[in-house]
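Input: a single structure, listed below in structure tokens.
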Ligand SMILES: Cc1cc2nc3c(=O)[nH]c(=O)nc-3n(C[C@H](O)[C@H](O)[C@H](O)COP(=O)(O)OP(=O)(O)OC[C@H]3O[C@@H](n4cnc5c(N)ncnc54)[C@H](O)[C@@H]3O)c2cc1C
Ligand SMILES: CC(=O)N[C@H]1CO[C@H](CO)[C@@H](O)[C@@H]1O
């Protein structure tokens, strides 16, 4: 068995992985392993922006940003982590500018900023311009820029290598096992530090804004190593996915002045959120849209969608600020947004939960925050937690570069103190080889596509914008049989090169495994908070539920739950935000 050696291994080449790599590469030997070419990572699809209280368009402060993030999180975000995020944001944006990101500009040549949902001035007074952007392709330009910075620093890339397992010796993480998609070879990587930056998991739902690769591999691999997942019941549904397709229309469209209208042509958000209206946070708007449709005020022959109206914006504004989404609407729905409203519906968009970490990106594995030595996580796969029960738009890209950098810095310090990596045992890849050959050896069974379709339908029907005991019990029951079915699929392609059929089968197993944690954490949480809206427990219950969920899932699909407190302490004791009712 040949073993590939590097000092630091980063799994995932989205913005979180690349930012960590840039940080560590000046003094360490860093490799990035990615199942996609780095520039195809989902970060490249981010449209609307990345926020920081720069105050370029109007007065703004990191403290206001912290308040909005805490409130947006429905008070479940850890306030020490949120303070780091918001205080570091202006520095992080200027750094990205210096790396080469071509941000859109104000007339005076400063970085331009626009309003986004839940971002306000003076603790909730009115929307504020806080989102920096490059038209509506912000993620695209950030990803290209960080990739260039990695190449400049000689980061070694292993593209189209799919990581399947973490290696560890006596609890210390020392590498990964990866499948080379081009050849079908299984490789072992040995390192002093490993960072997971594998992104989100929207593909467990039928309607999603997420790319096909967003199958939550990193989450499932963590579970298989006895690492719990934190706050998985909090799944964000973005209000404006293209009708039936789920493809995202950025919130920037509302930031530029777009409004939502129901079947009566009413701007209904005025009723639900009188102050910020169409710029209320996502969890709230998705619920309002759902209610409008349920009460018979939807649009279209089936009255099952909502209109996003941009027709009052100037053509120039649409062409310069929203070119991408305008093209999407034309191509996919045949709608010209300057002339007609865009049909939209909520779409599964973002995972607030993930692998628990501390503020340095170190993975922690229990209620007492015990560290998993040698393992870090950053980006959407991680739960620091800065987003709590609901993420504000443009706070994710910020999270990636702030906490990606911190993980890179911490790994660099860590590996300095280590002479050599703990060697990997000789047979470390065997379980993965066996898993692959057992899938390939099955001659009959259901198709992967059929089981995946049933999973996506079930999650969409039962674990969506609204939940209740009946839907969650049903999901808990259904996922058990889906777990069994996922272990008995048949793949038609038995070849070695580019065997996408085989990878689909594995990704299906990953999808099922973390979905168990989404369902069971949600079934246990008997309150409504942020994106977790229970019809049978419609208010927030701080007495019993102001705490983070942890969920462990075994390979056989059995699970265990635990809880840990929310960190309410700041470095500056005075500026803590006490839980209040969330009104906009
Ligand atoms: C359409 C869309 C628009 C968005 N717009 C915005 C926005 O405007 N502002 C904002 O703040 N947020 C936005 N978000 C959210 C944000 O883009 C994501 O949360 C973020 O990009 C995730 O970045 P990441 O680095 O964690 O992972 P990703 O960018 O998703 O990258 C994951 C990486 O992991 C690799 N990987 C995964 N599994 C494996 C494996 N098993 N082995 C090897 N490699 C693996 C992939 O190849 C990929 O390189 C948007 C999201 C979507 C879907
Ligand atoms: C109660 C409920 O909504 N159950 C749904 C859960 O999902 C299945 C599979 O899609 C549906 O058939 C149920 O109606």
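Here the Cβ of each residue, glycine as well, is placed from N, Cα and C on the backbone.
Annotations in TrEMBL come from automatic prediction, not curation.
Over in TrEMBL, the protein carries these features:
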- 282: active site, proton acceptor (ACT_SITE)
- 12-17, 34-49, 217, 380, 396-397: FAD binding site (BINDING)
- 8-397: domain 'FAD-dependent oxidoreductase 2 FAD-binding' (DOMAIN)
- 1-24: signal peptide (SIGNAL)
Problem set entry | Contact set, same chain, for the signal peptide (1-24): CB under 8 Å, 6 or more residues outside the stretch | 30-34, 36-38, 41-43, 99, 139, 142-143, 146-147, 149-150, 153, 155-157, 159, 163, 175-176, 187-199, 218, 361, 376, 378-382, 397, 399-401, 403-405, 407-409, 411-412, 415, 421, 424, 426, 429
Exercise. With respect to ligand 1, which members of the recorded positions 40, 44, 282 satisfy a Cβ distance under 6 angstroms to one of its atoms?
Worked result: none
For this session: Any same-chain residues 6+ apart from residue 36 (FAD binding site) with CB under 8 Å of its CB? Would you list them in sequence order, or say none?
Result: 13, 159, 160, 213
Exercise. In whole Å, how far is the residue listed as 'active site, proton acceptor' from residue 12 (FAD binding site) when you measure between their Cα atoms?
Worked result: 27
Exercise. Could you give the Cα-Cα distance between residue 40 (FAD binding site) and residue 282 (active site, proton acceptor), in whole Å?
Worked result: 26
Seminar exercise, completed: By a 10 Å Cβ neighbour count, the lowest-scoring of the binding-site residues 44, 48 is 44
Problem set entry | Arithmetic mean of per-residue pLDDT over the domain 'FAD-dependent oxidoreductase 2 FAD-binding' (8-397) | 97
Problem set entry | DSSP-derived class (H/G/I helix, E/B strand, else coil) of residue 44 (FAD binding site) | helix
Problem set entry | residue 16 (FAD binding site), number of other Cβ atoms within 10 Å | 36
For this session: May I ask for the distance between residue 16 (FAD binding site) and residue 282 (active site, proton acceptor), taken between their Cα atoms and rounded to an integer number of Å?
Result: 23
Exercise. Of 40, 282, which of the recorded positions has the most Cβ neighbours inside 10 Å?
Worked result: 282
For this session: Starting from each candidate's C-beta and looking 10 angstroms out, tell me which of the binding-site residues 12, 396 has the most other C-beta atoms.
Result: 12
For this session: Round to the nearest Å and give the CA-to-CA distance linking residue 282 (active site, proton acceptor) with residue 48 (FAD binding site).
Result: 14
